[in-house]
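**Student:** Please read through the structure below; I'll follow up with questions.
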Amino acid sequence: MSVYGLQRLYIGGGYVDATSGKTFDTFDPATGELLAQVQQASAADVDRAVASAQEGQREWAAMTAMQRSRILRRAVELLRERNDELAAIETRDTGKPIGETLAVDIVTGADVIEYYAGLATAIEGLQVPLRAESFVYTRREPLGVCAGIGAWNYPIQIACWKTAPALAAGNAMVFKPSEVTPLTALKLAEIYTEAGVPAGVFNVVQGDGSVGALLTGHPDIAKVSFTGGVETGKKVMSLAGASSLKEVTMELGGKSPLIVFDDADLDRAADIAVTANFFSSGQVCTNGTRVFVHRSIKDAFTQKVLERVKRIRVGKPTDADTNFGPLVSAAQLDKVLGFIESGKAEGAKLLAGGTRLTDGHFGSGQYVAPTVFGDCRDDMKIVREEIFGPVMSILEFESEDEVIARANDTHYGLAAGVVTENLSRAHRAIHRLEAGICWINTWGESPAEMPVGGYKQSGVGRENGITTLEHYTRIKSVQVELGRYNPVF
(Lines of atoms letter the chains of each structure in order from A and count residues from 1; the text may use other names and numbers.)
(Lines give C-alpha, C1' and ligand atoms only; values in the text may rest on other atoms or scores of the structure.)
Protein backbone atom coordinates (compact mmCIF):
# COMPACT_ATOMS: atom_id res chain seq x y z
CA MET A 1 0.00 0.00 0.00
CA SER A 2 1.22 3.49 -0.82
CA VAL A 3 0.68 6.59 1.31
CA TYR A 4 -1.14 8.68 -1.30
CA GLY A 5 -2.51 6.01 -3.62
CA LEU A 6 -2.66 6.08 -7.40
CA GLN A 7 -1.95 9.50 -8.93
CA ARG A 8 -3.53 10.32 -12.30
CA LEU A 9 -3.10 13.09 -14.84
CA TYR A 10 -4.87 16.44 -14.50
CA ILE A 11 -6.41 17.56 -17.79
CA GLY A 12 -9.38 19.78 -18.55
CA GLY A 13 -10.07 20.79 -14.98
CA GLY A 14 -10.06 17.32 -13.41
CA TYR A 15 -8.29 14.01 -12.98
CA VAL A 16 -8.17 11.59 -15.90
CA ASP A 17 -6.56 8.20 -16.44
CA ALA A 18 -3.48 7.97 -18.63
CA THR A 19 -3.83 5.80 -21.72
CA SER A 20 -0.29 4.40 -21.62
CA GLY A 21 -1.07 1.68 -19.10
CA LYS A 22 2.26 2.50 -17.44
CA THR A 23 2.97 3.72 -13.93
CA PHE A 24 6.06 4.68 -11.97
CA ASP A 25 6.72 4.84 -8.23
CA THR A 26 7.71 7.75 -6.04
CA PHE A 27 9.36 7.12 -2.66
CA ASP A 28 10.02 8.94 0.60
CA PRO A 29 13.81 9.49 0.49
CA ALA A 30 14.02 9.53 4.29
CA THR A 31 12.42 6.12 4.82
CA GLY A 32 12.22 4.37 1.46
CA GLU A 33 8.44 4.10 1.89
CA LEU A 34 6.33 3.99 -1.27
CA LEU A 35 4.43 7.27 -1.46
CA ALA A 36 2.43 6.74 -4.64
CA GLN A 37 2.14 5.03 -7.97
CA VAL A 38 1.88 7.63 -10.72
CA GLN A 39 0.37 7.15 -14.15
CA GLN A 40 2.68 7.99 -17.04
CA ALA A 41 1.32 10.04 -19.93
CA SER A 42 1.34 8.72 -23.48
CA ALA A 43 1.66 10.73 -26.70
CA ALA A 44 -2.13 10.65 -26.95
CA ASP A 45 -2.41 12.05 -23.42
CA VAL A 46 -0.05 14.89 -24.29
CA ASP A 47 -2.11 15.66 -27.39
CA ARG A 48 -5.26 15.66 -25.25
CA ALA A 49 -3.65 17.99 -22.72
CA VAL A 50 -2.53 20.41 -25.43
CA ALA A 51 -5.94 20.41 -27.12
CA SER A 52 -7.59 21.05 -23.76
CA ALA A 53 -5.13 23.87 -23.10
CA GLN A 54 -5.91 25.47 -26.46
CA GLU A 55 -9.61 25.50 -25.66
CA GLY A 56 -9.10 26.82 -22.14
CA GLN A 57 -6.64 29.45 -23.28
CA ARG A 58 -9.15 31.02 -25.64
CA GLU A 59 -11.56 31.50 -22.74
CA TRP A 60 -8.83 32.71 -20.39
CA ALA A 61 -7.39 35.22 -22.87
CA ALA A 62 -10.87 36.59 -23.58
CA MET A 63 -11.23 37.62 -19.93
CA THR A 64 -10.14 41.07 -18.88
CA ALA A 65 -6.77 41.39 -17.20
CA MET A 66 -8.57 42.41 -14.01
CA GLN A 67 -10.63 39.21 -14.06
CA ARG A 68 -7.49 37.10 -14.49
CA SER A 69 -5.82 39.04 -11.69
CA ARG A 70 -8.67 38.35 -9.25
CA ILE A 71 -8.63 34.63 -10.02
CA LEU A 72 -4.88 34.40 -9.53
CA ARG A 73 -5.19 36.27 -6.23
CA ARG A 74 -7.76 33.70 -5.11
CA ALA A 75 -5.28 30.94 -5.97
CA VAL A 76 -2.75 32.70 -3.74
CA GLU A 77 -5.25 32.71 -0.87
CA LEU A 78 -5.87 28.98 -1.31
CA LEU A 79 -2.16 28.19 -1.42
CA ARG A 80 -1.64 30.03 1.84
CA GLU A 81 -4.66 28.40 3.46
CA ARG A 82 -3.29 24.97 2.52
CA ASN A 83 0.34 25.76 3.30
CA ASP A 84 0.73 23.17 6.05
CA GLU A 85 -0.92 20.38 4.04
CA LEU A 86 1.19 21.10 0.96
CA ALA A 87 4.38 21.43 2.99
CA ALA A 88 3.79 18.00 4.53
CA ILE A 89 3.44 16.42 1.08
CA GLU A 90 6.51 18.27 -0.21
CA THR A 91 8.55 17.08 2.75
CA ARG A 92 7.59 13.45 2.16
CA ASP A 93 8.27 13.69 -1.58
CA THR A 94 11.56 15.62 -1.50
CA GLY A 95 13.02 14.80 1.92
CA LYS A 96 13.29 18.47 2.85
CA PRO A 97 12.88 19.34 6.53
CA ILE A 98 9.33 20.34 7.40
CA GLY A 99 10.56 23.62 8.86
CA GLU A 100 11.97 24.48 5.45
CA THR A 101 8.92 23.55 3.38
CA LEU A 102 6.58 25.34 5.78
CA ALA A 103 8.57 28.57 5.53
CA VAL A 104 9.87 28.55 1.97
CA ASP A 105 8.45 26.33 -0.74
CA ILE A 106 4.76 27.18 -0.82
CA VAL A 107 5.25 30.66 0.62
CA THR A 108 7.65 31.75 -2.13
CA GLY A 109 5.54 30.11 -4.83
CA ALA A 110 2.45 31.98 -3.66
CA ASP A 111 4.43 35.22 -3.52
CA VAL A 112 5.32 34.91 -7.20
CA ILE A 113 1.71 34.27 -8.24
CA GLU A 114 0.63 37.28 -6.18
CA TYR A 115 3.31 39.39 -7.83
CA TYR A 116 2.19 38.52 -11.36
CA ALA A 117 -1.48 38.83 -10.43
CA GLY A 118 -0.66 42.44 -9.67
CA LEU A 119 1.12 42.87 -13.00
CA ALA A 120 -1.60 41.28 -15.14
CA THR A 121 -3.31 44.65 -15.58
CA ALA A 122 -0.03 46.39 -16.41
CA ILE A 123 0.56 44.59 -19.72
CA GLU A 124 0.32 47.48 -22.14
CA GLY A 125 1.11 48.48 -25.69
CA LEU A 126 2.47 51.69 -27.18
CA GLN A 127 1.07 54.41 -29.42
CA VAL A 128 3.57 55.93 -31.84
CA PRO A 129 2.61 59.03 -33.90
CA LEU A 130 3.84 58.91 -37.50
CA ARG A 131 2.30 62.08 -38.90
CA ALA A 132 -0.83 64.18 -38.36
CA GLU A 133 -3.24 61.58 -39.71
CA SER A 134 -1.39 58.30 -39.09
CA PHE A 135 -0.10 56.42 -36.09
CA VAL A 136 1.06 52.97 -34.99
CA TYR A 137 -0.06 51.14 -31.90
CA THR A 138 1.21 47.88 -30.45
CA ARG A 139 -0.52 45.10 -28.58
CA ARG A 140 1.07 42.56 -26.28
CA GLU A 141 -0.79 39.33 -26.96
CA PRO A 142 -0.41 35.95 -25.25
CA LEU A 143 1.66 33.26 -26.96
CA GLY A 144 -1.01 30.57 -26.55
CA VAL A 145 -0.12 27.22 -24.98
CA CYS A 146 3.18 27.01 -23.12
CA ALA A 147 4.93 23.97 -21.68
CA GLY A 148 6.58 23.92 -18.28
CA ILE A 149 9.07 21.21 -17.32
CA GLY A 150 10.02 21.21 -13.66
CA ALA A 151 12.95 19.98 -11.58
CA TRP A 152 12.83 17.77 -8.52
CA ASN A 153 14.38 20.10 -5.95
CA TYR A 154 11.60 22.72 -5.69
CA PRO A 155 8.53 21.02 -7.17
CA ILE A 156 5.66 23.33 -6.23
CA GLN A 157 7.73 26.50 -6.18
CA ILE A 158 8.94 25.87 -9.74
CA ALA A 159 5.39 25.10 -10.87
CA CYS A 160 4.28 28.44 -9.42
CA TRP A 161 7.22 30.30 -10.92
CA LYS A 162 6.43 28.98 -14.39
CA THR A 163 2.65 29.27 -14.32
CA ALA A 164 2.39 32.72 -12.73
CA PRO A 165 3.72 34.88 -15.59
CA ALA A 166 2.26 32.57 -18.22
CA LEU A 167 -1.26 32.75 -16.82
CA ALA A 168 -1.05 36.44 -15.95
CA ALA A 169 -0.33 37.16 -19.61
CA GLY A 170 -3.31 35.10 -20.80
CA ASN A 171 -1.56 31.87 -21.75
CA ALA A 172 -2.32 28.28 -20.80
CA MET A 173 0.31 25.82 -19.59
CA VAL A 174 0.82 22.08 -19.80
CA PHE A 175 3.19 21.23 -16.96
CA LYS A 176 5.33 18.15 -16.41
CA PRO A 177 6.84 17.86 -12.95
CA SER A 178 9.93 15.76 -12.36
CA GLU A 179 9.11 12.08 -12.08
CA VAL A 180 11.19 12.06 -8.87
CA THR A 181 8.87 14.53 -7.09
CA PRO A 182 5.53 14.46 -8.94
CA LEU A 183 2.94 15.07 -6.22
CA THR A 184 2.45 18.75 -5.43
CA ALA A 185 1.99 19.95 -9.03
CA LEU A 186 -1.31 18.07 -8.96
CA LYS A 187 -2.34 19.95 -5.83
CA LEU A 188 -1.54 23.23 -7.56
CA ALA A 189 -3.82 22.17 -10.42
CA GLU A 190 -6.64 21.55 -7.94
CA ILE A 191 -6.10 24.99 -6.44
CA TYR A 192 -6.14 26.77 -9.78
CA THR A 193 -9.41 25.06 -10.68
CA GLU A 194 -10.97 25.92 -7.31
CA ALA A 195 -9.85 29.53 -7.73
CA GLY A 196 -11.71 29.82 -11.02
CA VAL A 197 -9.06 29.23 -13.67
CA PRO A 198 -10.94 27.79 -16.68
CA ALA A 199 -10.65 24.08 -17.40
CA GLY A 200 -7.57 23.29 -19.46
CA VAL A 201 -5.61 26.42 -18.64
CA PHE A 202 -3.32 24.42 -16.33
CA ASN A 203 -2.89 20.74 -17.13
CA VAL A 204 -0.43 18.31 -15.53
CA VAL A 205 1.05 15.36 -17.40
CA GLN A 206 3.33 12.96 -15.58
CA GLY A 207 6.30 10.95 -16.73
CA ASP A 208 9.98 10.80 -17.50
CA GLY A 209 12.07 12.65 -20.05
CA SER A 210 10.21 11.07 -22.94
CA VAL A 211 7.08 12.99 -21.92
CA GLY A 212 9.11 16.18 -21.70
CA ALA A 213 10.33 15.53 -25.25
CA LEU A 214 6.73 15.12 -26.44
CA LEU A 215 5.91 18.54 -25.02
CA THR A 216 9.07 20.18 -26.34
CA GLY A 217 8.48 18.88 -29.85
CA HIS A 218 4.72 19.44 -29.96
CA PRO A 219 3.75 21.69 -32.89
CA ASP A 220 0.94 23.41 -30.97
CA ILE A 221 3.08 24.57 -28.06
CA ALA A 222 4.49 28.07 -28.45
CA LYS A 223 7.05 28.17 -25.64
CA VAL A 224 8.94 25.83 -23.34
CA SER A 225 10.16 26.81 -19.87
CA PHE A 226 12.59 24.22 -18.51
CA THR A 227 14.47 23.86 -15.24
CA GLY A 228 17.12 21.15 -15.02
CA GLY A 229 20.61 20.12 -16.06
CA VAL A 230 22.76 21.62 -18.80
CA GLU A 231 22.89 18.58 -21.06
CA THR A 232 19.13 18.08 -20.93
CA GLY A 233 18.70 21.80 -21.51
CA LYS A 234 20.71 21.59 -24.71
CA LYS A 235 18.43 18.80 -25.94
CA VAL A 236 15.34 20.83 -25.05
CA MET A 237 16.64 23.86 -26.93
CA SER A 238 17.56 21.79 -29.98
CA LEU A 239 14.19 20.03 -30.15
CA ALA A 240 12.25 23.23 -29.50
CA GLY A 241 14.03 24.91 -32.38
CA ALA A 242 13.89 21.98 -34.77
CA SER A 243 10.18 21.32 -34.21
CA SER A 244 8.65 24.78 -34.56
CA LEU A 245 11.15 27.47 -33.49
CA LYS A 246 9.60 27.68 -30.04
CA GLU A 247 10.70 30.32 -27.60
CA VAL A 248 12.58 28.82 -24.66
CA THR A 249 13.40 29.83 -21.12
CA MET A 250 15.89 27.61 -19.33
CA GLU A 251 17.28 27.73 -15.82
CA LEU A 252 20.12 25.22 -15.79
CA GLY A 253 23.01 24.22 -13.59
CA GLY A 254 25.65 26.13 -11.72
CA LYS A 255 29.02 25.92 -10.00
CA SER A 256 28.81 29.25 -8.31
CA PRO A 257 31.70 31.11 -6.66
CA LEU A 258 31.49 32.70 -3.23
CA ILE A 259 34.42 35.07 -2.66
CA VAL A 260 35.42 35.96 0.89
CA PHE A 261 37.79 38.94 0.90
CA ASP A 262 40.35 39.64 3.61
CA ASP A 263 38.24 42.36 5.27
CA ALA A 264 35.13 40.18 5.57
CA ASP A 265 33.26 39.74 8.83
CA LEU A 266 34.28 36.12 9.40
CA ASP A 267 31.19 35.11 11.34
CA ARG A 268 28.96 36.53 8.63
CA ALA A 269 31.07 34.91 5.91
CA ALA A 270 30.95 31.50 7.59
CA ASP A 271 27.18 31.75 8.06
CA ILE A 272 26.77 32.63 4.39
CA ALA A 273 29.04 29.82 3.21
CA VAL A 274 27.25 27.18 5.27
CA THR A 275 23.85 28.35 4.03
CA ALA A 276 25.13 28.51 0.44
CA ASN A 277 26.25 24.89 0.58
CA PHE A 278 23.98 22.98 2.96
CA PHE A 279 20.50 24.48 2.67
CA SER A 280 18.15 21.83 1.23
CA SER A 281 20.98 19.33 1.72
CA GLY A 282 22.94 21.13 -0.96
CA GLN A 283 20.35 20.48 -3.66
CA VAL A 284 19.99 24.08 -4.85
CA CYS A 285 21.07 25.20 -8.33
CA THR A 286 22.49 28.49 -7.07
CA ASN A 287 24.63 27.00 -4.30
CA GLY A 288 27.99 28.69 -3.77
CA THR A 289 30.04 25.51 -3.82
CA ARG A 290 33.36 27.10 -4.84
CA VAL A 291 34.30 29.08 -1.75
CA PHE A 292 37.30 31.30 -2.51
CA VAL A 293 38.90 32.67 0.68
CA HIS A 294 41.77 35.13 0.95
CA ARG A 295 44.91 33.34 2.09
CA SER A 296 45.35 35.60 5.15
CA ILE A 297 42.02 34.54 6.68
CA LYS A 298 41.58 31.04 5.28
CA ASP A 299 42.43 29.13 8.45
CA ALA A 300 40.25 31.29 10.71
CA PHE A 301 37.38 31.17 8.22
CA THR A 302 37.64 27.40 7.84
CA GLN A 303 37.53 26.91 11.59
CA LYS A 304 34.34 28.95 11.85
CA VAL A 305 32.75 26.97 9.01
CA LEU A 306 33.57 23.67 10.71
CA GLU A 307 32.10 24.91 13.99
CA ARG A 308 28.83 25.65 12.19
CA VAL A 309 28.80 22.35 10.32
CA LYS A 310 28.93 20.56 13.67
CA ARG A 311 25.74 22.39 14.65
CA ILE A 312 23.75 21.18 11.62
CA ARG A 313 20.86 19.05 12.83
CA VAL A 314 20.58 16.03 10.54
CA GLY A 315 17.41 14.08 11.20
CA LYS A 316 13.98 12.96 10.12
CA PRO A 317 12.49 15.56 7.78
CA THR A 318 9.17 15.42 9.61
CA ASP A 319 10.79 16.50 12.91
CA ALA A 320 10.50 20.23 13.54
CA ASP A 321 14.05 20.37 14.94
CA THR A 322 15.68 18.92 11.81
CA ASN A 323 17.36 21.38 9.42
CA PHE A 324 19.17 18.90 7.15
CA GLY A 325 17.46 15.93 5.52
CA PRO A 326 18.29 13.19 3.02
CA LEU A 327 19.12 13.55 -0.64
CA VAL A 328 16.14 13.18 -2.94
CA SER A 329 16.87 9.69 -4.28
CA ALA A 330 19.22 6.73 -4.25
CA ALA A 331 20.56 7.80 -7.64
CA GLN A 332 21.41 11.25 -6.30
CA LEU A 333 23.06 9.72 -3.24
CA ASP A 334 25.27 7.54 -5.45
CA LYS A 335 26.21 10.54 -7.57
CA VAL A 336 27.19 12.66 -4.57
CA LEU A 337 29.18 9.85 -2.95
CA GLY A 338 31.01 9.38 -6.24
CA PHE A 339 32.05 13.03 -6.23
CA ILE A 340 33.22 12.75 -2.63
CA GLU A 341 35.44 9.80 -3.51
CA SER A 342 36.78 11.78 -6.46
CA GLY A 343 37.70 14.65 -4.16
CA LYS A 344 39.60 12.30 -1.87
CA ALA A 345 41.39 10.65 -4.80
CA GLU A 346 42.46 13.98 -6.31
CA GLY A 347 44.07 15.15 -3.09
CA ALA A 348 41.51 17.45 -1.51
CA LYS A 349 41.68 17.45 2.29
CA LEU A 350 38.49 16.08 3.85
CA LEU A 351 37.67 18.36 6.78
CA ALA A 352 34.13 17.21 7.61
CA GLY A 353 31.65 14.55 6.57
CA GLY A 354 32.44 12.56 3.46
CA THR A 355 30.34 9.52 4.32
CA ARG A 356 26.88 8.10 3.99
CA LEU A 357 24.94 8.12 7.26
CA THR A 358 23.60 4.67 8.09
CA ASP A 359 23.13 4.49 11.87
CA GLY A 360 19.61 3.95 13.19
CA HIS A 361 16.82 5.40 11.07
CA PHE A 362 19.39 6.90 8.68
CA GLY A 363 19.98 3.45 7.27
CA SER A 364 16.68 3.37 5.39
CA GLY A 365 17.17 6.82 3.85
CA GLN A 366 19.44 8.59 1.39
CA TYR A 367 21.55 10.51 3.89
CA VAL A 368 25.07 11.86 3.38
CA ALA A 369 26.91 13.91 5.97
CA PRO A 370 27.55 17.62 5.29
CA THR A 371 30.96 17.55 3.65
CA VAL A 372 33.76 20.13 3.54
CA PHE A 373 36.97 19.83 1.52
CA GLY A 374 40.01 22.05 1.97
CA ASP A 375 43.20 22.44 -0.09
CA CYS A 376 41.12 22.31 -3.27
CA ARG A 377 42.46 23.15 -6.73
CA ASP A 378 40.63 24.61 -9.70
CA ASP A 379 41.26 21.51 -11.82
CA MET A 380 39.59 19.06 -9.40
CA LYS A 381 36.37 17.40 -10.48
CA ILE A 382 34.59 18.51 -7.29
CA VAL A 383 35.50 22.11 -8.13
CA ARG A 384 34.65 22.06 -11.84
CA GLU A 385 31.45 19.99 -12.01
CA GLU A 386 28.02 20.53 -10.46
CA ILE A 387 27.50 18.02 -7.64
CA PHE A 388 24.05 19.07 -6.44
CA GLY A 389 24.70 17.83 -2.96
CA PRO A 390 26.17 19.00 0.38
CA VAL A 391 29.81 19.29 -0.66
CA MET A 392 31.77 22.52 -0.05
CA SER A 393 35.14 23.14 -1.70
CA ILE A 394 37.39 25.75 -0.06
CA LEU A 395 40.03 27.40 -2.24
CA GLU A 396 42.46 30.18 -1.34
CA PHE A 397 43.43 33.27 -3.33
CA GLU A 398 45.75 36.27 -2.98
CA SER A 399 44.51 39.06 -5.26
CA GLU A 400 41.22 40.41 -6.57
CA ASP A 401 42.22 40.07 -10.22
CA GLU A 402 43.31 36.49 -9.64
CA VAL A 403 40.11 35.38 -7.92
CA ILE A 404 37.83 37.05 -10.47
CA ALA A 405 39.62 35.27 -13.30
CA ARG A 406 39.40 31.92 -11.51
CA ALA A 407 35.78 32.42 -10.53
CA ASN A 408 34.87 33.12 -14.17
CA ASP A 409 36.84 30.14 -15.50
CA THR A 410 33.79 27.89 -15.93
CA HIS A 411 31.09 27.26 -18.52
CA TYR A 412 28.52 27.93 -15.80
CA GLY A 413 27.29 31.41 -14.90
CA LEU A 414 24.23 31.09 -12.70
CA ALA A 415 25.17 32.82 -9.44
CA ALA A 416 28.03 34.46 -7.57
CA GLY A 417 28.60 36.32 -4.34
CA VAL A 418 31.13 38.35 -2.41
CA VAL A 419 31.63 39.04 1.28
CA THR A 420 33.50 42.26 2.06
CA GLU A 421 33.14 45.42 4.14
CA ASN A 422 34.48 47.52 1.24
CA LEU A 423 31.48 48.73 -0.76
CA SER A 424 33.57 49.86 -3.73
CA ARG A 425 35.30 46.50 -3.94
CA ALA A 426 31.99 44.67 -3.61
CA HIS A 427 30.40 46.41 -6.58
CA ARG A 428 33.61 46.32 -8.63
CA ALA A 429 33.94 42.57 -8.15
CA ILE A 430 30.27 41.85 -8.80
CA HIS A 431 30.38 43.84 -12.04
CA ARG A 432 33.28 41.66 -13.24
CA LEU A 433 31.76 38.32 -12.27
CA GLU A 434 30.05 36.45 -15.12
CA ALA A 435 26.84 35.38 -13.42
CA GLY A 436 23.17 36.23 -13.73
CA ILE A 437 22.30 36.25 -10.00
CA CYS A 438 24.68 37.96 -7.59
CA TRP A 439 24.70 38.64 -3.86
CA ILE A 440 26.74 41.01 -1.72
CA ASN A 441 27.13 40.03 1.96
CA THR A 442 24.21 37.60 1.71
CA TRP A 443 23.20 34.51 -0.24
CA GLY A 444 20.26 32.68 -1.68
CA GLU A 445 17.19 34.89 -1.55
CA SER A 446 15.26 35.03 -4.85
CA PRO A 447 12.21 37.26 -4.30
CA ALA A 448 9.45 37.53 -6.88
CA GLU A 449 10.67 40.97 -7.96
CA MET A 450 14.18 39.68 -8.80
CA PRO A 451 14.88 38.28 -12.29
CA VAL A 452 16.47 34.84 -11.97
CA GLY A 453 18.60 33.22 -14.65
CA GLY A 454 22.10 32.46 -15.79
CA TYR A 455 24.92 33.50 -18.08
CA LYS A 456 26.78 31.12 -20.39
CA GLN A 457 25.54 27.53 -20.17
CA SER A 458 23.52 28.19 -17.01
CA GLY A 459 20.44 29.24 -18.90
CA VAL A 460 18.50 31.31 -21.40
CA GLY A 461 16.01 34.01 -20.43
CA ARG A 462 14.76 34.85 -16.95
CA GLU A 463 12.13 33.83 -14.44
CA ASN A 464 10.51 36.32 -12.05
CA GLY A 465 10.66 40.08 -12.27
CA ILE A 466 8.85 42.37 -14.68
CA THR A 467 11.02 41.40 -17.65
CA THR A 468 9.69 37.83 -17.66
CA LEU A 469 6.25 38.97 -18.81
CA GLU A 470 7.80 40.09 -22.09
CA HIS A 471 8.71 36.49 -22.83
CA TYR A 472 5.13 35.27 -22.37
CA THR A 473 3.70 37.77 -24.83
CA ARG A 474 4.26 38.66 -28.48
CA ILE A 475 4.04 42.14 -29.97
CA LYS A 476 1.58 42.97 -32.72
CA SER A 477 2.14 46.28 -34.53
CA VAL A 478 -0.84 48.02 -36.13
CA GLN A 479 -0.68 51.09 -38.38
CA VAL A 480 -3.80 53.23 -38.59
CA GLU A 481 -4.32 55.71 -41.45
CA LEU A 482 -6.93 58.40 -40.76
CA GLY A 483 -6.31 60.42 -43.89
CA ARG A 484 -6.49 59.75 -47.59
CA TYR A 485 -4.77 56.64 -48.91
CA ASN A 486 -2.28 57.45 -51.62
CA PRO A 487 -2.27 54.60 -54.15
CA VAL A 488 1.01 53.42 -55.57
CA PHE A 489 -0.46 52.54 -58.95
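Even glycines carry a Cβ here, placed using N, Cα and C.
As annotated by Swiss-Prot, active site, charge relay system applies to LYS162, GLU463. What Swiss-Prot lists as active site, proton acceptor is GLU251. Under the heading active site, nucleophile, Swiss-Prot lists CYS285, citing sequence analysis as support. What Swiss-Prot records for THR26, ASP93, VAL180 is K(+) 1 binding site. Taken from Swiss-Prot, the feature NAD(+) binding site covers GLY150, ALA151, TRP152, LYS176, PRO177, SER178, GLU179, GLY229, VAL230, GLU231, THR232, GLY253, CYS285, GLU386, and the record attributes it to sequence analysis. Swiss-Prot lists LEU245, LYS456, GLY459 with the feature K(+) 2 binding site, giving sequence analysis as the kind of evidence. The cysteine sulfenic acid (-SOH) annotation in Swiss-Prot covers CYS285. Annotation comment: Swiss-Prot describes GLU247 as site 'Seems to be a necessary countercharge to the potassium cations', evidence class sequence analysis.
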**Student:** Where LYS456 (K(+) 2 binding site) and PRO177 (NAD(+) binding site) are concerned, what is their Cα separation in Å, rounded?
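**Tutor:** Each residue's Cα considered, LYS456 (K(+) 2 binding site) and PRO177 (NAD(+) binding site) end up 25 Å apart.
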**Student:** Give the residue from the recorded positions LYS162, LYS456 that has the most other Cβ atoms within 10 Å of its Cβ, counting over every protein chain displayed.
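**Tutor:** Most Cβ neighbours within 10 Å: LYS162.
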**Student:** Within 10 Å of GLU179 (NAD(+) binding site), Cα to Cα, which of the recorded positions THR26, GLU247, GLU251, GLY459, GLU463 are there?
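**Tutor:** The recorded positions close to GLU179 (NAD(+) binding site) (Cα within 10 Å), listed in sequence order, are THR26.
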**Student:** In terms of Cα spacing, which of the recorded positions THR26, LEU245, GLU247, CYS285, GLY459, GLU463 are within 10 angstroms of TRP152 (NAD(+) binding site)?
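**Tutor:** The recorded positions close to TRP152 (NAD(+) binding site) (Cα within 10 Å) - there are none.
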**Student:** So, in DSSP terms, is ASP93 (K(+) 1 binding site) helix, strand, or coil?
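**Tutor:** Note: ASP93 (K(+) 1 binding site) is helical by DSSP.
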**Student:** Just to be sure I understand: of ASP93, GLU247, GLU251, GLU463, which recorded positions have a C-alpha no more than 10 angstroms from the C-alpha of the residue listed as 'active site, nucleophile'?
**Tutor:** GLU251
**Student:** Rounded to the nearest Å, what's the C-alpha distance separating VAL230 (NAD(+) binding site) and THR26 (K(+) 1 binding site)? Just drop the number here, would you?
**Tutor:** 24
**Student:** Within the same chain, and leaving aside THR26, ASP93, VAL180, name every residue whose CB is within 8 angstroms of the centroid of the CB atoms belonging to the recorded K(+) 1 site, in sequence order.
**Tutor:** PHE27, LEU35, THR94, TRP152, PRO155, SER178, GLU179, THR181, PRO182, LEU183, VAL328, SER329
**Student:** Between GLY459 (K(+) 2 binding site) and the residue listed as 'active site, proton acceptor', what C-alpha distance do you get in Å?
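**Tutor:** A Cα-Cα distance of 5 Å.
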